[in-house]
Amino acid sequence: MGGVEDDEPASKRMKLSSEELRRLSNGSTIKEPVAGSSRDLMARPLQSEGGEEVVGSKGVIKKVEFVRIIAKALYSLGYIKSGAHLEEESGIPLHSSVVNVFMRQILEGNWDESVVTLRNIGLTDERTVKSASFLILEQKFFELLDEEKAMDALNTLRTEIAPLGVNDSRVRELSSYIVSPSYCSLTRSPKQDTVRARSRSKLLEELQKLLPATVMVPEGRLEHLVEQALVLQRDACMFHNSLDKEMSLYSDHQCGRDQIPSQALQILQAHTDEVWFLQFSHNGKYLASSSNDQSAIIWEVYETGVSLKHKLSGHQKPLSSVSWSPDDRQLLTCGAEEVVRLWDVSSGECLHVYEKTGLGMVSCGWSPDGKWIFSGLNDKSICMWELDGKELECWKGQRTLKISDLEITGDGKQIISICRETAILLLDREAKVERFIEEDQTITSFSLSRDSRFLLINLLNQEIHLWNIEGDPKLVSKYRGHKRTRFIIRSCFGGLEQAFIASGSEDSLVYIWHRGTGELIETLPGHSGAVNCVSWNPANPHMLASASDDRTIRIWGLNNLSTKRKEPCSNGIHYCNGVY
């Protein structure tokens, strides 16, 4: 069996205690077989893999494999007696007697014997046998060096390791250890035996990865199967938008629509004209909005709601976009073909104005380290600035349009902008390489995923396309249903692990699709004008914001969310119960 009972005869115990073996062999204990013993289950051959008993209603789980994997899990969890009882009662050993002898020889450092036993396990792949032998003899080599037996180590290298013909570069590396002065000056540590034992246990782990799973059940196999089942259930769940820690083994996982933010919890009414753009900060603690009223507003996000923090004034034209610094301490606001302003989030103070004589800014963005800002200009160029306003570089030519978005990838290497009506430019500013995404329809806006691997592109024909921009750009998915005929409508990634796509629409609705399947799963009514922009809180998958021509911002949350109601304030915030 794989465990040792307290009432077993001493003749059946090994030289190493069960606790030592459990620690050294990842939980599985080993016993020496005794000829003629009725309880010598380790000596029994493993049951046949074909046409044997199965468990479960589908008839696909082989009983032998199932029991062995459970036993392995019990030993790994430290339940030594339980694992042993399972082996004894089922009559199904975790390991064959030969494998048990092999494991014991490894842990006791009987290298020559273990190499012989390895060939008796029944491995059919000679390359596997040689690779495993290499690992064992390499361990023997190092332990001989530790014992200051350099000549014995050299002999092992020449007559045992090298003839295997495995990993010649490693053989040369091992030979250098013999002539290395560092080995001559090694001093023995009082804990050397403990360190050596731990290295043997590590060797056993490496051998376990190399040998077939039918010979030695992989460590953590049961955990892996259970995790795989949970992940498959999660990925198949259309509305999954909750933390994985909320998943349970007691029942199949299935989220309902109540995990999607679909109820308007607040209506923010501080803007006096159409709200064109909004974006949550990276930490989810703030929301910034920009409007045709030539102002931007910084909103503070609390557990109980959203409140106005600063109203930012100074632009002489409508504000087309905003961009948060990587640390969320500063905010850029961009006027429509005007200037870009830098604001301190804490105080609301304007720190700098970026402008070029005779030209207007059309977009803005940050480098990932927060040291530089980027801006698109109405002469179709893109410029990079230091925070103090010093221009560092400018990319001339057809780099952007008068109406354009601007994104910088997380590694800071690529600048992304709309360079033609039907094309997006991916400019590698270090390698000076340009790549393009070509569409058949006019591009109106785009959004970059948090991991910088995907781009969401809104088109004139009322479609949203998802592109993978790693390597050669590839079209991944299309989303349809929203309305767009006259205005710029923006979409975004959102939800847990950005598993959803949300978009505004000219029919006053917010649309939400499942990112993987492309299925439309929710439409949110409430606005009385076109919804120009949406933003999903990156720190709270249950919070979504939308900006509309009706001059309001709506904060969407879960239907079952119980919020503290407040009286309407003079800052233009209205708390609602979802009834319009």
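Placed from the backbone N, Cα and C atoms, the Cβ positions cover glycine too.
Just so you know, TrEMBL annotations are computer predictions that nobody has curated.
As annotated by TrEMBL, domain 'CTLH' applies to 105-152.
Feature annotation from TrEMBL assigns region 'Disordered' to 1-36.
Residues annotated as repeat 'WD' in TrEMBL: 268-301 (among others). Counting residues of the repeat 'WD' (268-301) by DSSP class, helix then strand then coil, yields 0 helix, 19 strand, 15 coil.
The repeat 'WD' annotation in TrEMBL covers 312-353 (among others). With a cut-off of 8 Å between Cβ atoms, the residues of this chain six or more beyond the repeat 'WD' (312-353) that come close are 273, 276-279, 281-283, 285-286, 288-298, 360-366, 368-370, 373, 375, 378, 387-389, 402-403, 405.
Taken together, the residues in the repeat 'WD' (524-566) have a mean pLDDT of 88 on the 0 to 100 scale. Look at TrEMBL and you will find 524-566 (among others) tagged as repeat 'WD'.
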